[in-house]
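Down below is the structure, laid out as structure tokens.
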Amino acid sequence: MSILALVEDRPTPKEVYNWRIYLLAAVASFTSCMIGYDSAFIGTTLALSSFREEFGFNTMSKTAVNLVSANIVSCYQAGAFFGAFLAYPVGHFWGRKWGLLFSGAIFTLGAGLMLGADGDRGLGLLYGGRVLAGLGVGAGSNITPIYISEMAPPSIRGRLVGVYELGWQIGGLVGFWINYGVSETLAPSHKQWIIPFAVQLIPSGLLLIGAVFLKESPRWLFSRGRREDAIKNLCWIRQLPADHIYMIEEIGAVDQALEEQRATIGLGFWKPFKAAGTNKKVMYRLFLGSMLFFWQNGSGINAINYYSPTVFKSIGLQGANTSMFSTGIFGVVKTVVTFVWLLYLIDRLGRRLLLLIGAAGASVCLFIVGAYIKIADPASNPTQEMTGGGIAAMFFFYLYTVFYTPSWNGTPWVMNSEMFEPNMRSLAQACAAASNWFWNFLISRFTPQMFAKMEYGVWFFFASLMVLSIVFVFFLLPETKGIPLESMDALFESRPIWRAHETVLARLREDEERFRHDIEESGYSKTGDQQVEHLSEDLPKV
């Protein structure tokens, strides 16, 4: 079987897998480039001697430096938390396309404010700019996965939402290396540290330009009663005529889902809030989605992203440039493994198995790194060169990255984008994204203090949380791979959880055969002037 082979819930014409759907996902994913770049560059920028001298870090105590650094990093996450909720009314009333434009505009304004900061003006503009930039990326982290999942065919939904994660890693790769580049090529100066801040404007500018040409989400248009526009956009995205049997099936499924929502949750801005507070099924799924981000942040990945110099110093690396270079390698490993996840793992192995394998492997690696720090105590016994034990610890650190990246890095975003019915999706994604930024804020705010107080215990702490996440996934989280968005209710109601996927997929295949049989019995055999493709081959087994 080809590495790019797809698992389909029903026979899918090859026209559906066209360049348009990938282009739309790529343009929308400039939001994740913004997020990835910021999460990667800020830690090493704060470590640049030019930045520390201009803002007086060299005259502060270590405790004060840790506090100011944590405030600079974490005010961005605080803004993102509120931005995730702000995106709900924007996405509901304005649509997904205008929500993306809103996200890019707010981020660009914040990035511009940061460029006005200097030693004379102090850190005020930096704080304000990072809060605004956080609002922008918080909104983008809500809307982008929804936009992509609502357009994607089920068989490549994981891959397309994975483009969002790929954008995150590409932005991160640039962010991890840029400070190494400026530290090697430029003398310490205002210019040296301002360049990394200025680069933030590139992905936000590309988003603002590209989003103008995006097609609005057909599912959002259906929910707003704009049926003609919805069908027109869906036909453009699928490259199929409206009377093709595949389109009839998809439009019928959307109509049926909307009718069920009218009869249960109801359509409208406030209805999801009522359901979230009174419907136990919705509350349970919100709990699952939010907990996914608790476990993701509990892996320690954002402690590494934001404070990589501190992390590598705890292992025994000496010198700012050495830490920046090691951070760059960390970014390369994450990006390469993300490609493997995107092209092969997410829609072949599925979400659930990836999370289980990733948590098991990553926890072992973290325990080993923590044990090395406990035994060797590199902070108290510094050496000019890495010892054999230190090299082994670095190996297991990068191996941790290999386990974590194709599992917990992007998969929670994929699952949260597909777990909820259309009228709940915006609010649910807002809650999930806000949950991510809340845990992200706690990690970014307290990581310096944790390393100062706990030392090797930090590694054991994150490893233990990853072990606990295995129990959570196995007993509570069903596999969502290849399941249409309109069938998620049936998936989460099926028991036992570890067999829910195969149960629902078998039911969908039966419904598909019955639908096509009814179509043939009714005499429907043409689409326009062309014969309908009666795809009779069996669906792939999962």
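Note: Cβ is positioned from N, Cα and C throughout, glycine not excepted.
What Swiss-Prot records for 1-22 (among others) is topological domain 'Cytoplasmic'.
Counting same-chain residues at least six beyond the ends of the transmembrane segment (23-43), those with a Cβ under 8 angstroms from any Cβ of the stretch are 72-73, 76, 100, 103-104, 107, 133, 136-137, 140-141, 143-144, 147-148, 151-152, 160-161, 163-176, 178-179, 196, 199-200, 203-204, 206-207, 210-211, 213-215, 237, 302, 305-310, 327, 331. What Swiss-Prot records for 23-43 (among others) is transmembrane segment, and it gives sequence analysis as the kind of evidence.
Distant neighbours of the topological domain 'Extracellular' (44-66): 72-73, 118-119, 122-123, 176, 179-180, 182-183, 188-190, 192-193, 196-197, 308-309, 320, 323-324, 327, 448-449, 452; these residues of the same chain sit at least 6 beyond its ends, with a Cβ under 8 Å from one of its Cβ atoms. Taken from Swiss-Prot, the feature topological domain 'Extracellular' covers 44-66 (among others), and the record attributes it to sequence analysis.
According to Swiss-Prot, the transmembrane segment annotation covers 67-87 (among others).
Sequence-distant contacts of the topological domain 'Cytoplasmic' (88-97) (same chain, at least 6 residues past either end, Cβ-Cβ under 8 Å): 139, 142-143, 146-147, 150, 211, 214-217, 220-221, 224, 269, 426-427, 430. According to Swiss-Prot, the feature topological domain 'Cytoplasmic' maps to 88-97 (among others), an assignment based on sequence analysis.
Long-range contacts of the transmembrane segment (98-118) within its own chain (CB-CB distance under 8 A, at least 6 residues past either end) are made by residues 28, 30-31, 34, 54, 79, 83, 87, 90-91, 124-126, 128-137, 139-140, 142-144, 147, 190, 194, 197-198, 200-201, 204-205, 207-208, 211-212, 214. Per Swiss-Prot, transmembrane segment is recorded for 98-118 (among others).
According to Swiss-Prot, the topological domain 'Extracellular' annotation covers 119-130 (among others), on the basis of sequence analysis. Distant neighbours of the topological domain 'Extracellular' (119-130): 54-56, 68, 71-72, 75-76, 79, 110-113, 190; these residues of the same chain sit at least 6 beyond its ends, with a Cβ under 8 Å from one of its Cβ atoms.
The transmembrane segment annotation in Swiss-Prot covers 131-151 (among others).
Swiss-Prot lists 152-159 (among others) with the feature topological domain 'Cytoplasmic', giving sequence analysis as the kind of evidence. Sorting each residue of the topological domain 'Cytoplasmic' (152-159) by its DSSP state yields 6 helix, 0 strand, 2 coil.
Residues or ranges marked as transmembrane segment in Swiss-Prot: 160-180 (among others). Here the transmembrane segment (160-180) has long-range neighbours at 21-22, 25-26, 28-42, 44-45, 47-48, 144-145, 148-149, 151-152, 195-196, 199, 203, 305, 308, 321, 324-325, 327-328, 330-332, 334-335, 338-339, 341-342, 346, 405, 409-410, 413-414, 417-418, meaning same-chain residues at least 6 beyond its ends whose C-beta is under 8 angstroms from one of its own.
What Swiss-Prot records for 181-193 (among others) is topological domain 'Extracellular'. Per DSSP, the topological domain 'Extracellular' (181-193) is made up of 9 helix, 0 strand, 4 coil.
If you look at the transmembrane segment (194-214), the same-chain residues 6 or more away from its ends with a CB under 8 A from one of its CBs are 24, 27-28, 30-31, 33-34, 37-38, 41, 45, 97, 100-101, 103-105, 107-108, 111-112, 114-115, 133, 136, 140, 171, 174-175, 178-179, 182, 186. For 194-214 (among others), the entry in Swiss-Prot reads transmembrane segment.
Per DSSP, the topological domain 'Cytoplasmic' (215-285) is made up of 51 helix, 0 strand, 20 coil. Marked as topological domain 'Cytoplasmic' by Swiss-Prot: 215-285 (among others).
The transmembrane segment annotation in Swiss-Prot covers 286-306 (among others).
For 307-325 (among others), the entry in Swiss-Prot reads topological domain 'Extracellular'. Across the topological domain 'Extracellular' (307-325), DSSP classifies residues as 14 helix, 0 strand, 5 coil.
Residues or ranges marked as transmembrane segment by Swiss-Prot: 326-346 (among others).
Most Cβ pairs under 8 A with the transmembrane segment (67-87) among the ranges 131-151, 326-346, 388-408, 457-477 are made by 131-151. Here the transmembrane segment (326-346) touches the transmembrane segment (388-408). Their Cβ atoms form 3 or more pairs under 8 Å, with each pair 6 or more residues apart. DSSP labels the residues of the topological domain 'Extracellular' (44-66) in these numbers: 18 helix, 0 strand, 5 coil.
Taken as a whole, the topological domain 'Extracellular' (181-193) shows an average pLDDT of 91 in this prediction. Relative to the transmembrane segment (286-306), the listed stretch 457-477 leads the set 131-151, 353-373, 388-408, 457-477 in CB pairs under 8 A. The transmembrane segment (353-373) is not in contact with the transmembrane segment (131-151), judged by fewer than 3 CB-CB distances under 8 Å for residue pairs 6 or more apart in sequence. Taking Cβ pairs closer than 8 Å, the topological domain 'Extracellular' (181-193) reaches residues 45, 48-51, 53-54, 118-119, 320-321, 324 in its own chain, all 6 or more past its ends.
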